[in-house]
Amino acid sequence: MKPKLMYQELKVPVEEPAGELPLNEIEAWKAAEKKARWVLLVLILAVVGFGALMTQLFLWEYGDLHLFGPNQRPAPCYDPCEAVLVESIPEGLEFPNATTSNPSTSQAWLGLLAGAHSSLDIASFYWTLTNNDTHTQEPSAQQGEEVLQQLQALAPRGVKVRIAVSKPNGPLADLQSLLQSGAQVRMVDMQKLTHGVLHTKFWVVDQTHFYLGSANMDWRSLTQVKELGVVMYNCSCLARDLTKIFEAYWFLGQAGSSIPSTWPRSFDTRYNQETPMEICLNGTPALAYLASAPPPLCPSGRTPDLKALLNVVDSARSFIYIAVMNYLPTMEFSHPRRFWPAIDDGLRRAAYERGVKVRLLISCWGHSDPSMRSFLLSLAALHDNHTHSDIQVKLFVVPTDESQARIPYARVNHNKYMVTERASYIGTSNWSGSYFTETAGTSLLVTQNGHGGLRSQLEAVFLRDWESPYSHDLDTSANSVGNACRLL
């Protein structure tokens, strides 16, 4: 039962009329209000602008922090990166009419060593920089021996030297001498880890400059084998990212190590095929990233080498020029034999479906796998005016005299690169399945428009070699070559 309540009507207080302000005071009040609004707007814009500036500065300073999702583009690199192609041209190999000339590999290496201040990291396959290593007495070994001497001088002058090398089954004298000089060396047992080898070839100096290319730590790679690589100067953004690949090798070089099921985040990268690094390269805007093989050695964000290579092939619309020592659409070292057409299919599709001009310059020497010839002939057979498929294959043979023929494992074109109208790919692997699925390798990919950049320089090198007298059609007589080419 509700209690009986007494309600009393409340009286709303009546507002007394306010006195009206004089007209001049009203105008003054409106002007002051307008001014206050403008001041507030300026303050808000200043705060927002300052916040944006500090955010940008933070990203520049702490670019390696994990601040981006998988599809967010990282901040550009503002280093004045300079790329220089470097080559080893074997003694006796001349291009008299060529307009393309690049610094030598030994010149570039010695320059990097002379300029090293704090650190040098080297990822390598094997070490034979002296005549003693190869049981030879060749004057041309002098360049390799000088490189070794300069390497030995680094640690005593305060440079931290780290060397990751494939677990060797050959000479150790160079590595032992470097250990004695104060360098650190770790041997990576890729055979145990992935049934492959550490085939990578790169240097990182002061986390600012780097070399990446086909040259091994071998005196023959400086004077008796044709090599190609790139030196990147003043490009700490890319150099630090390459150091992450080295750190993976360094980690795996520890005793009892194994490949992590998930790599620690410190190995991750933000730069890959989907989000390449924006850089200024030789004064021109470019996109770049580093890829790695095999896939188990690719932490989060790292594009596998094969995926990167195939993306270059699939993106080409005009031409694809390839220079590589070995080309085999097989798992070269597998037993039983396995067909592996990943790259082969991409090249055939590019030529047939998109009308892309494909050129392959394959090396031929005394150690070439004879089975390559059948696969190369199969590719070349697609050259047809009716289908408008334009694939051509040539063999590059380094001329050899009697004394040079006595140098073991020399006198070969060891290049491993590709160039299209859009991109350049410089790697460390031969083009067969095992190199991408089991063996450790690294590649640099750069997309750059215009002339004078890395891409156009690489194209010029390819055309120089393609049009040289050292390049031969597959139907060339073996007798006319005068070398131990096993593919003719």
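The count begins at 1 with the first shown residue.
Every residue, even glycine, has its Cβ placed from backbone N, Cα and C.
For HIS414, the entry in Swiss-Prot reads active site, nucleophile, with the evidence type a curator's inference. HIS414 (active site, nucleophile) carries neither a helix nor a strand DSSP state and counts as coil. Neighbour count (other Cβ atoms within 10 Å of the Cβ, all protein chains): 27 for HIS414 (active site, nucleophile).
Counting only same-chain residues at least 6 apart in sequence, those with a Cβ under 8 Å from the Cβ of ASN216 (phosphate binding site) are SER124, PHE125, TYR126, THR128, LYS201. Under the three-state DSSP scheme, ASN216 (phosphate binding site) falls in the coil class. The phosphate binding site annotation in Swiss-Prot covers HIS199, LYS201, ASN216, HIS414.
Long-range C-beta contacts of PHE436 (Mg(2+) binding site), restricted to its own chain and to partners at least six residues apart, with a cutoff below 8 Å, comprise ALA293, PRO294, PRO304, ASP305, LEU306, LEU309, ALA342, SER429. Residues or ranges marked as Mg(2+) binding site by Swiss-Prot on the basis of similarity to another entry: PHE436.
In the three-state DSSP assignment, the secondary structure recorded for CYS237 (disulfide bond) is helix. CYS237 (disulfide bond) has a Cβ environment of 22 other Cβ atoms inside 10 Å. The disulfide bond annotation in Swiss-Prot covers CYS77-CYS237 (among others).
For CYS235 (disulfide bond), other Cβ atoms within 10 Å of its Cβ number 25. What Swiss-Prot lists as disulfide bond is CYS81-CYS235 (among others).
Cβ neighbour count for CYS485 (disulfide bond): 19 (other Cβ atoms within 10 Å of its Cβ, all protein chains included). DSSP gives CYS485 (disulfide bond) a coil state; it is part of no helix or strand. The disulfide bond annotation in Swiss-Prot covers CYS364-CYS485 (among others).
In terms of DSSP secondary structure, the domain 'PLD phosphodiesterase 1' (194-221) contains 3 helix, 12 strand, 13 coil. What Swiss-Prot lists as domain 'PLD phosphodiesterase 1' is 194-221, and the listing cites sequence analysis.
Residues annotated as N-linked glycosylation site in Swiss-Prot, with experimental evidence given as evidence: ASN97 (among others). For ASN97 (N-linked glycosylation site), no same-chain residue lying six or more positions away in sequence has a CB closer than 8 A to its CB.
Marked as N-linked glycosylation site by Swiss-Prot on the basis of sequence analysis: ASN132 (among others). ASN132 (N-linked glycosylation site) falls within a helical segment according to DSSP. Under 8 Å, Cβ to Cβ, and six or more positions away along its own chain, ASN132 (N-linked glycosylation site) finds PRO171, ALA173.
The N-linked glycosylation site feature in Swiss-Prot is assigned to ASN234 (among others); the stated evidence is experimental evidence. If you draw a 10 Å sphere around the CB of ASN234 (N-linked glycosylation site), it holds 11 other CB atoms from the protein chains shown.
A sphere of 10 angstroms centred on the C-beta of ASN282 (N-linked glycosylation site) encloses 17 other C-beta atoms. What Swiss-Prot records for ASN282 (among others) is N-linked glycosylation site, and it gives similarity to another entry as the kind of evidence.
Mapped onto three states, the DSSP output places ASN385 (N-linked glycosylation site) in coil. Listed in sequence order, the same-chain residues six or more apart from ASN385 (N-linked glycosylation site) with CB atoms under 8 A from its CB number zero; the list is none. Here Swiss-Prot flags ASN385 (among others) as N-linked glycosylation site.
Annotation source Swiss-Prot lists transmembrane segment at 39-59, citing similarity to another entry.
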Query - CYS485 (disulfide bond) and HIS414 (active site, nucleophile), distance between Cα atoms, whole Å - result: 14
Query raised in the report: In terms of DSSP three-state secondary structure, what is the assignment for CYS364 (disulfide bond)?
Result: coil
Report summary line: Surrounding the recorded phosphate site, with Cβ no more than 8 Å from the Cβ centroid of HIS199, LYS201, ASN216, HIS414 and those residues left out, we find PHE125, THR200, GLY213, SER214, ALA215, SER221, LYS416, THR428
Report task. Measure from the Cα of ASN234 (N-linked glycosylation site) to the Cα of every one of the recorded positions HIS199, ASN282, CYS364, then give the nearest. Result -> ASN282
Report task. Summarise the model confidence on the domain 'PLD phosphodiesterase 1' (194-221) as a single mean pLDDT, whole number. Result -> 99
Requested in this report: Measuring CA to CA, name the entry from the recorded positions CYS81, HIS199, ASN282, CYS364, CYS485 that ends up nearest CYS237 (disulfide bond).
Outcome: CYS81
